[in-house]
Every structure is written in C-alpha cells, then in structure tokens.
Amino acid sequence: MGRTPRDSSPTSEFEIKVQPHQSDPHPLGGPRSHRHPPPIPPRLYPPVVEKWFPWLVPTIVVFNIVFFVISMYINDCPKNSNNCIGVSILGRFSFQSTHENPLLGPSTATLQKIGAFEARKVVEEHQIWRLASCMWLHAGVVHVLLNMLGLLFVGIRLEQEFGFVRIGLLYLISGFGASLLSSLFVRTTISVGASGALFGLLGAMLSELMVNWTIYENKLGSLLCLLLIILINMAVGILPHVDNFAHIGGFLTGFLLGFVLLLHPQFGWVKLSNVPPGYGGTSSKPKYKAYQYVFLLVSLILIITGFVVGCILLLRGVDGNKYCSWCHYLSCVPTPLWRCEARCSSSQYENQLNLTCMQNHKSKFYLLDNNTTTSHIQKLCVELCG
C-alpha cells in the first residue's frame, strides 16, 4: 500500500526533443545567434521522493528482543519458583507457569523490578521514567513476536519514505502517549509492551494519507485498506489481558504527530536544487497547501495540551475510571466466551485504600503497609469483583 505520485518515474521527468537546423541569420549578417532552451514550467516536475535505507526499525526490533532475553535471565525461574516450563532445555531462561503467565515469559515481580509501568510507583515515588521504560519490555514470547512482526511490517515502509529521525520521534512519542493514557485507567495492574508505539505508527499512516491526499492516486482504496487494518487491531484490544488503553493512546498520539512529522510537499512544487542546469525559475506553488499548515498547527496544540494535562492528572493520582464508568469496556468486553480481568477504580488517603469494582460496583476500604505491591492490590480487586 504505497503512495504513487503521478509521473514519478525518472525517465518521465524531462523530454528532450531535437529540432532540425534552420537558417537563423544574425541581425547584422553574422553567424546564427546562440539560443538558450526556454524555461520549463515548474509544474511539470513531480515531487522527488527520496528513499531512505531502513536501519532504525530493525535496530528497535533487535533491542526489544535483547531486552526480553535479559528479562528472562533476571527472572531465573528455577531459582525463584517451583513450577517452570522448559527447565531442562532453557535453564535459568525457562518460563513461568502458564497459570502465572500464559504468554510464556517472566513473572510480574520481575517486570515490576526492571521497569514495567506501575501507577503507584509513578504517583507516589515519582518514577515517571516508567512511562518510557515499559515500552521496551514484553510479557512473553508470544507478546514480543507479534509486536515485532507488526513493527517490521509497518515501520520499514514508513522509515523508507520519511527517514529515521521522523519515524524515531514518532515511535518514542507515541509510546509515551500510550503509557500516559493507560496510566489514567489501568490502576491496579502493571503494563508493558511496544504495541502502543506500534499503534502510533498506524495512526500516523492514517493522518499521512489525509494530509498528503493530493499526491495519492488510489485514494479510496488506500483509505479503506488502512481503516480495515486499524479496526481489526483495535478489535483485538477488547480481549482479556490486553491493554487497549495503551493502543488507543498510542494511536491518537501517532495520528496527531502524523500531521506534524509526515508532511509531503504538494504535487507541482519544485525544489530549486532539483531543477537541471540551464533551466531557471522556481515553483509558483507554495511548498505546502493551506490545509496542511492548519492540520500541523492544530495537532501541535492538541499534543502539547494533552501531554501536559495527562502528566498533571497522573502525578495527582487521578483515576479516570471514577469519571468514566463505561470506559473499562474499551479495554475488554465480557462475553459468554471469556471473562474480563477484574478492574477497580482506586483512591487513597494516607494508608487507606478504597477500591471500587468496575463490574459489580462494590466498594471496600483496605489498610496498606510499606510492603503492599500492585500485584497484591490486584488480588484484592479480584476478590472484590468475585
């Protein structure tokens, strides 16, 4: 699904015609005067699209895999658990039991230790770096393989077209935005994974199609194909144990960033360095259309405002579930085939924690101590919703 500029092949950019010699006497009877070729109208030049060598996206994939291997080394299941999978073959890299981690990976405690997002640590201990570190961690082999295959499929195409700087910024900022929205609604569990940043790339592909609409040939087909891919991936997010809030946050962030980072000059604009020698003049068209500038400005305002407000709400300990009683359905919809993970809204005053189950709306107060962890709070939530 690539963009196809009109008349973009190198051989169609200029047409040279050889004219037969004609007598052209000099006004004073001298030799024929030398004539320069007439300027070619700039509109005949298509926008030149430089193809970049994609090295950043494969590097990100390698880093994520290496970090997963490191997390399994730190986990050391045989030493810390009596029920591990693949001990005889994998040794200390063996997986936790499927009852504890169905994705074949490390324990929750290990992920918490090495940088998983945990709302309590960010709010109470101001470990805001966890908003970025969690996007480099994965819960299991299945998790990391699915995310990395998706990243290769989407990211390489974007890096080839827009370069590593813009795609790198898009990936990192989208991952941060995914963690930020997730932190406002996922309060009693940890969150890890690069899927939020991956959804940011999908969102950017949609906004790139919109903002560069004039240079696409198969506009409707490209739009419908991309929307179908996005809807399928969003639908997967309503399954249990999937943090769809991270997907939505990453998608919205990437969608807005696409209007800022992925602009193409309008068709017909000519860069002076691309004009061949002997032909003067510059394009009569501006580099970008007016609506592209409008999208860029509005998107910048929304991104900055959203990040500032989101960080303030997070550091103040605001629980989004208290102000949106139906939002938990965005992450999981219960059906006869499965039950959703227990989700609770929480509020804390000193050492008292108030949990409210989002499924049955039961509330209860608990006393906390210094050893209380997120996994312990999640167990209390499961009991309250049970």
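Keep in mind that glycine also has a Cβ here, set from the backbone N, Cα and C atoms.
Predicted automatically and left uncurated, TrEMBL annotations should be read as such.
According to TrEMBL, the domain 'Peptidase S54 rhomboid' annotation covers 126-262. Per TrEMBL, the feature region 'Disordered' maps to 1-39. Per TrEMBL, transmembrane segment is recorded for 52-74, 135-156, 168-186, 192-213, 220-239, 245-263, 293-315.
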- Same-chain residue ranges lying at least 6 outside the transmembrane segment (135-156) that approach it to Cβ under 8 Å: 54, 57-58, 60-61, 63-65, 67-68, 71, 95, 101-106, 111, 114-116, 167, 171, 175-176, 178-179, 192-198, 201-202, 205
- Task: For the transmembrane segment (245-263), find every same-chain residue at least 6 residues outside the stretch whose CB is under 8 Å from a CB in it, and list them.
- Result: 158, 162, 166, 169-170, 173-182, 184-186, 191, 193, 195-208, 210-212, 230, 233-234, 237, 288, 292, 295-296, 298-300, 302-303, 306, 330-331
- Beyond the flanks of the transmembrane segment (168-186) by 6 or more, those residues with Cβ under 8 Å of it: 56, 60, 117, 119, 122, 130-132, 134-135, 155, 158, 194-197, 199-201, 203-204, 243, 245-250, 252-254, 257-258, 261-262, 303, 306-307, 310-311, 313-314, 318-321, 324, 327-328, 331, 343
- Query: Within the domain 'Peptidase S54 rhomboid' (126-262), how many residues are helix, strand or coil going by DSSP?
  - Reply: 105 helix, 1 strand, 31 coil
